[in-house]
Amino acid sequence: MSETPTACLIGWPAAHSRSPIIHKYWLKELGIAGDYRIEAVEPAAFPDFIASLAARGYCGANVTIPHKEKALALSLPDARARAVGAANTLYFRDDKLHSTNTDVEGFIGNLDASAQRWRADDDAVVLGAGGSARAVVFGLIERGVPRIHLVNRSRERAQALAQPYGERVSVASWDDVESLLPKAGLVVNTTSLGMKGQPPLPLDVALLRADATVADLVYVPLRTELLTAAAGRGLQTADGLGMLLHQAVRGFELWFGRRPQVSPALRALVEADLTVK
């Protein structure tokens, strides 16, 4: 590894990532002489790249599409990475390559910061059953949420996600959503519905309780129709950009030894980049 601690983002493609903006901001803010780079690595070349990560001068890495599952297999994963089935953060300890999934911490950290009155002792409805949903469900289980209703078009995929958690996670269909919403203290959209270029999420926020919290993992656009409607009702909301920022905290801490803060100034910087792009 180089004397200057350096981390990278590995993906294919990877040029669209905002991670360099986030980590370079923290390096400068904390006065750390480090660096963060982008590495575009084809799937076929990924195993060799990981095997030579330290030799290339890196103290760790973020991993994005399509490498997250392979990163899990090529490292020593923690409980979060194993539960989610994917690793997005790699780091060295005692010359061994370890991995975690910081989406779990990112989701919960953003929820705590953006919707401070959300309650972990209340039921939750999670929409979608992909990789993001796995991180959300594991995070909610860690925090003690008693029951999670998992809604997905493919019941089989939802059942595979729910199975390890027993009765605490139940599978529901989209036809069940209207009956579930009035009982839920938290609703989380992990699907691409509402994203730029995608249809909006068909969810009636009028059915939610006045003390409910609505989280949307989409961050382009910053304010989805779902979050706009929820805020219009006076409900607490948490957006996808907040999760992106909070999930970066743990990786930075593992690589550079300092735990950074998600500040309004950092958020404004990334928001400006999203607007330009």
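Backbone N, Cα and C define each Cβ position, glycine as well.
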Suppose a student reads Swiss-Prot and sees Gly128, Ala129, Gly130, Gly131, Ser132, Gly240 listed for NADP(+). Which of Leu111, Leu217, Leu222, Leu266 should they find annotated at that same site? Leu217
Check the binding-site residues Ala129, Leu217 for other C-beta atoms within 10 angstroms of each C-beta and report the one with the most. Leu217
So which one is it: of the binding-site residues Ser17, Ser19, Thr64, Asn88, which has the fewest other Cβ atoms within 10 Å? Ser17
Quick note, Tyr219 (shikimate binding site) and Ala129 (NADP(+) binding site): C-alpha atoms separated, nearest Å, by 18
Listed in sequence order, residues not in Ser17, Arg18, Ser19, Thr64, Asn88, Asp103, Tyr219 with Cβ within 8 Å of the centre of the shikimate site Cβ atoms: Leu9, Asn62, Leu244, Gln247, Ala248
